[in-house]
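What Swiss-Prot records for this protein:
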BINDING   Ser188, Cys221, Pro222, Gly223, Gly224, Asp240, Asp260, Asp277  S-adenosyl-L-methionine binding site
ACT_SITE  Lys306  active site, proton acceptor
Amino acid sequence: MNKVVLLCRPGFEKECAAEITDKAGKREIFGFARVKENAGYVIYECYQPEDGEKLISELPFSSLIFARQWFVVGELLQHLPPEDRITPIVGMLQGVVEKGGELRVEVADTNESKELMKFCRKFTVPLRAALRDAGVLTNYETPKRPVVHVFFIAPGCCYTGYSFAHNNSPFYMGIPRLKFPSDAPSRSTLKLEEALHVFIPEDEWDERLANGMYAVDLGACPGGWTYQLVKRNMWVYSVDNGPMAQSLMDTGQVTWLREDGFRYRPNRNNISWMVCDMVEKPAKVTALMAQWLVNGWCRETIFNLKLPMKKRYEEVSHNLAYLQAQLDEHGVNAQIQARQLYHDREEVTVHVRRLWAAVGGSRDER
């Protein structure tokens, strides 16, 4: 199987294609990307027949910015008979996947696919039963086995394949299903909530998002991101010239600092988190984030980079390379991840976790 399907935000197919071509090439897995504008997915076709599986095994999914999900597939199944779509799909998967741990019948995230998604939901139950009978799926769901994907691009037309549970998105279609809290000051709160789900393993939440931590929110008004930190019982310094929502101030956990986020300097030495969603040029935001991390002013940060209209992948790559270079130059070991989240628009979200430094900061992990 030499094709890899990558799901992405509609309108960002070129960025997704540029990224997978670049990162696959660096691992000497060569091929070309098939791109259809606003399709919500890209197909990377490897030149060597077994390189599809090699790519989804060797390249960490967490290193991809513009892909929401990926899986290796075979040839396109077309003209599935309406009276029996199941038999051809089972036939395609037999001998390819054995004892898969989960089935996902998916579509691209486009308006055109909404009707198709209704069919996928109904189709999943009988297909799952047939795949279990054929030995393609285990009799129970397990995260220890590959995930079987059936990806419909049109009625009666699908790709079939699989991904590895340890190197994919755990979410259906790569999208966490989050509900907007009615008491949140703005919808931007969902960006930070999704980022926490994507970047921080669930079993580490109690330690890394603990009660009583101190956090800073730069460019906080009206408080969408502060809301998430308050909900996790943190003490938050919200920095913005604009006012904060009164509901947040009433919690007693928020200190509003009427300052410019770029000029603010923390006066505590025990800040665990700094978050930032300011509308500013990516280079300026990245330089500020580097300053915070190099100086050890926080242990972890999540921030957004607003994207230009053109050369978006190149712009993000350039800024992440600058950030890495600054950390390296100052002897800071950190883990950097970036992703265009479902709730992001013309932007990407970056997470950096400072692990240790040659010159000790106050929030280093030893």
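In case you wondered, yes, glycine gets a Cβ from its N, Cα and C as well.
Among the binding-site residues Asp260, Asp277, the residue whose Cβ has the fewest other Cβ atoms within 10 Å is Asp260. The CA atom of Cys221 (S-adenosyl-L-methionine binding site) is located 17 Å away from the CA atom of Lys306 (active site, proton acceptor).
Cα of Gly224 (S-adenosyl-L-methionine binding site) to Cα of Lys306 (active site, proton acceptor): a span of 17 Å. It is 9 Å from the Cα atom of Asp277 (S-adenosyl-L-methionine binding site) to that of Lys306 (active site, proton acceptor). Here the residue listed as 'active site, proton acceptor' is compared against the binding-site residues Ser188, Pro222, Gly223, Asp240, Asp260, and the shortest C-alpha distance is to Ser188.
Neighbour count (other Cβ atoms within 10 Å of the Cβ, all protein chains): 19 for Pro222 (S-adenosyl-L-methionine binding site). In three-state terms derived from DSSP, Gly224 (S-adenosyl-L-methionine binding site) belongs to a helical segment. Pairwise Cα distances among Ser188, Cys221, Pro222, Gly223, Gly224, Asp240, Asp260, Asp277, which the record gives as the binders of S-adenosyl-L-methionine, peak at 20 Å.
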